[in-house]
């Protein structure tokens, strides 16, 4: 508050907020040899100079030190707009991610109502991998595809449930390429166990341009070229877990952020920032039912986890059977998730584009690691849209440990 000068004895009025934040010191200048007051009971009218002095004891606390209100929520939409304002992402990416979050909300509702709406059980068809499609697999794929098409910002979409990538109609077409598994762990639906959706976002490949006069076969080939990019090219990746809470995990290359769906407002709210995977952990997540089919080196690794070791305690086994659920626990608690190759699945079971690359990108952004047992997953150049690879992902020390066993003579 600037110094103020008055020439009358009129009182100086302050608002309650100003009065609480400051006190007034008034200095009355006197001429040499004169008294402050002239005569008895009669005040002179000297110039009065008043200055506000900040009372540090009663001043409000700085914003950083102020306790955050329980109603001061940062929604996914608000967070995305902030990233756009700061130049981290562009407007098109904001719209694509918002469309994906909308699809996840719809799928979450379908999953919760599946037994009521008779959406459990199989559809009666198989997907391109020869797997029986659940009813919710088909519906979730349609929901995801429609949300991405109507966003007007995607050029090519590739789903685990579709034979080939699909070019979005020109009237709705955009630039981004989105790969996704609409409902991971759908075999758990009938038992109401955690499921999830996984996605990754790429820019178009420089080698691929679809001309206006391209034939259907040419468009398909160009779509495949566009989609078959290494995970190191990912611009964003994430997953949504449908469990006791609906959790949306996202990275745009600046760390991992966790949003939780608030059923009261129907919005994803930021609940964790810059998540970091512990450097090591004492939890392993493998389907040990396939132990007899594993390589001897992998068997030795698994046996080592069950020995007391230096800590005096063996590792704990935790396996849900849903990649999203098992990975989310691994990310928070540390440890390792693995789905290796075996005699039955020579190249592993998980898809590189839709599952392994996005999860490995998230893991690395959280300070972890993703490997196929011999090399970084994000460095693998896809040779087919539905290519499968082994996956070991989680804490850096745990992934490096299994790599040492697999590379031993």
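Even glycines carry a Cβ here, placed using N, Cα and C.
160 is the only one of 142, 160, 161, 267 that Swiss-Prot places in the Mg(2+) 2 site (with 181, 183). According to Swiss-Prot, the residue from 307, 355, 364, 397 that belongs to the Mg(2+) 3 site alongside 181, 184 is 355. In Swiss-Prot, the substrate site is described by 184, 185, 186, 187, 287, 319, 337, 339, and among 297, 299, 306, 349 the residue recorded at this site is 349.
Residues 160, 180, 185, 196, 197, 198, 239, 323, 324, 350, 351, 354 surround the recorded Mg(2+) 3 site, their Cβ atoms falling within 8 Å of the Cβ centroid of 181, 184, 355, which are themselves excluded. In the three-state DSSP assignment, the secondary structure recorded for residue 186 (substrate binding site) is helix.
For the pair residue 223 (disulfide bond) and residue 183 (Mg(2+) 2 binding site), the C-alpha distance works out to 22 angstrom. For residue 349 (substrate binding site), the nearest of the recorded positions 160, 183, 184, 228, 355 in terms of C-alpha separation is 355. The number of other CB atoms found within 10 A of the CB of residue 184 (Mg(2+) 3 binding site), across every protein chain shown, is 30.
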